């Protein structure tokens, strides 16, 4: 492990400017551009993937819906959910997309194990599950060998908006969160710190280096 991944902790950020910044970063990066991980939360929003079907949006109500360029179907983001955007040069790493997804899932499973939560991945539905309930969602886009979008881990949030959709296109999919599964207290900042460490280790980086500056500098 020799590479360094830069980490931006962006706080609560509207979805649209974050998505636009991901597109800019991915479009402008060169062969030597270091990889980055963005950790943040979003105000309430539904995002619909490229293959998203309208029938999976049951009754969005007053929550905005954004059509985006990631894989997968509709999902929900809201405060108390930890979102991680993985801006990686997948081609440079020599990692296949399936391997990338597996390593992200392993990062989440190991993080949850640290809270005595037994979680697993499913071959038929990307993401991480506790029993039959989904606790983390994945959705990536690869463009010219570079990834963007990423993961969303339910930490301590209002899960009710998930009832307005078929999460990730699965009718009746039950959602859960770390707060409801962990045996002890859950601090959002600590979960964020553990996630960055797990992702760096599982993806083969020697160091996760904090970057200053928000997306307006990108």
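Placement of Cβ uses the backbone N, Cα and C atoms for every residue, glycine included.
Residues annotated as domain 'BPL/LPL catalytic' in Swiss-Prot: 31-207. Mean model confidence for the domain 'BPL/LPL catalytic' (31-207) is a pLDDT of 94.
The substrate binding site annotation in Swiss-Prot covers 70, 71, 72, 73, 74, 75, 76, 77, 137, 138, 139, 150, 151, 152 and is backed by sequence analysis. Taking Cβ-Cβ distances under 8 Å and a sequence separation of 6 or more, the neighbours of residue 139 (substrate binding site) in its chain are 47, 49, 70, 71, 72, 75, 126, 149, 150, 151.
When other Cβ atoms within 10 Å of the Cβ of residue 134 (site 'Lowers pKa of active site Cys') are tallied across all protein chains shown, the result is 24. Annotation comment: Swiss-Prot describes 134 as site 'Lowers pKa of active site Cys', evidence class sequence analysis.
Summarising the annotation, Swiss-Prot assigns active site, acyl-thioester intermediate to 168. Less than 8 angstroms from the CB of residue 168 (active site, acyl-thioester intermediate) sit 72, 73, 74, 75, 125, 127, 134, 137, each of them six or more residues away in the same chain.
Secondary structure at residue 168 (active site, acyl-thioester intermediate), as computed by DSSP, is helix.
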